[in-house]
Amino acid sequence: MLSSKSGMRGLWFIMPAVVTLLLLITYPLIYGAYISFFDTNLITKWNFVGLKHYVNIFSNTEFVERILLTLHYTFWVVVGHFVIGTGLALILNMKLKGITVFRVILILPWLFPEVVVGLLWKWLFNPLYGLFNAVLMKVGLIDDPVSWLGDEKTAFAAVIVVSIWKGFPMVMMLLLAGLQSIPEDIYEAARIDGCTRSAAFRYVTLPALMPVMVVTLILDTVWWFKHFTMIWILTQGGPGNATNVVSIDIFKQAFEFFNFGKASAMAILVFFVCWLMGYGYRRLFGNGDD
Amino acid sequence: METTKRKFSIFNMGMYAILIVASCLVLIPALWMVSTSLKSNEEVMISPPKWIPDHPTFESFTRIWKDYPFLDYFLNSVFIVVASTAITIAFAALAGYGASRFKFRGKGTFLSFLLVTQMFPSIMLLIPFYKVLKTFGLIDTHWGLIVVYIAFALPMCTWMMLGFFQGIPKELDEAAMIDGCSQMRTFVQIILPLSLPGIAATAIYSFLMGWNEYMFAFILVTTETMKTLPVGIGQLNGFYRVVWNDMMAASIISSLPLIVLFLFMQKYFISSLTAGAVKQ
């Protein structure tokens, strides 16, 4: 390090960020935890109820069902992101001709605002005038128009497809960046040692990519576990409870039913689920150097 | 030799085939958006739909500015996002530099905290923010949302800047300081100019985050003329008759700034993403 008494100066540099985060994240979080112990409309009514909301949440299976539904959703979305994202990142890293064009095209979904993606797919899925039904009917896969977002059986799958479409570029970019940071000479050394293409992938690429993959996996999982906007635009959690993931549920609890206390309690529980998932991944992949 | 070469080119063709299929899956919805936006009200409601409208028209693109307060939405978004990005970048650069160059107590805690913030469901912040902003009369103001977007973007941006600064050799700082530069001057005059690509990438991230954010803007702003683009476009969805062509035109206009911004800066973006993600 630069000098022995540089410690204090380091603190000065991070001070603005620390103060901002304390004021804008830590304080609201503590305040949110505080609200979760009250039965409140945030203005006039402040009745302390202790752990009542938490007991209430666990007194029936509703909340657990939401969490399971959200996990189910997150699982398929993340699997989709990784299968497509990893595949495309590997290809984009191959230095084929004209690759930049593909790279720009494939990043597009990430650049569209979530609201736009939600509306666009709602339009594509439109039962009467949507492109999706028109194509499927022309090909002969379906005979009559299907209301993809209006049917409990298909809405869940439809929401997953849209989420994969929107989110794979981020995984692709993170992994591509990871691939590009692997030095060329390692591959050269492997080739000289008689490594085949697939062996080089197995023994050079994969281990070198592992740290990026773990971080990407953690971030992608928690990001999509908490996802709200596109599902809100597409189905508002319906039909029935088919796409009622936990973010939507909390949002309705707070701003439709004005149960701010219960909503806060649910949000705190969701944080623990996210934290557990992050912890689990780290244990699983042995990335314990944090 | 001949056969391996042939096998190789077949392999390459397979790769191109995958890229083309994937690109089509991305482009078809995007082009459908363009196609819809160029249709008249009557032509949108034709089944089966046509790819190329019979009478292409720009009336949706003129209508969104006339019939809806779209200009207000647009200007609100620009102001809020530019202000929050500027402040975020300033704080993130300072913090990233500090964390990359110094050892101090609590540094590990600080860095893990940045990652832990990603685990909070943002709705967990929405309720307290709603209450606090209400108390301070910041509901329906630009500053309310600016503050929120700083809070959202700062952790990831600090992380990205940290990764970037770690890639700049410390010897540079030392050389500058031996020549009599103060720490702050070294940072501003030597290191910052070298970090422009990293700053560009971080700015894109912050800009995107603010430009796209929907939930907070939806709750924290209620006056029509103070709304941001995502909320403004999103509520076209709620009217009893959905005007798809206007909605798609509005969607295109609101996506364009991001696409243009990205095309100019994409070179920097991918390499800087790594920096933050890899060298944690």
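Using N, Cα and C of the backbone, Cβ positions are placed for all residues, glycine too.
TrEMBL labels come from automatic prediction, so no person has curated them.
Now, the feature entries from TrEMBL:
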- B:74-265: domain 'ABC transmembrane type-1' (DOMAIN)
- B:12-34: transmembrane segment (TRANSMEM)
- B:73-97: transmembrane segment (TRANSMEM)
- B:109-130: transmembrane segment (TRANSMEM)
- B:142-165: transmembrane segment (TRANSMEM)
- B:186-208: transmembrane segment (TRANSMEM)
- B:247-265: transmembrane segment (TRANSMEM)
Check the transmembrane segment (B:186-208) against the transmembrane segment (B:73-97) for contact, please; criterion is three or more CB pairs under 8 Å, pairs 6 or more apart in sequence.
yes
Using a Cβ-Cβ cut-off of under 8 Å, list the residues of the same chain that are 6+ residues beyond the ends of the transmembrane segment (B:109-130) and lie near it.
99, 139, 148, 151-152, 155-156, 158-159, 162, 215-216, 219-220, 280
Are the transmembrane segment (B:247-265) and the transmembrane segment (B:12-34) near each other by the rule of at least 3 C-beta pairs under 8 angstroms (pairs 6 or more apart)?
yes
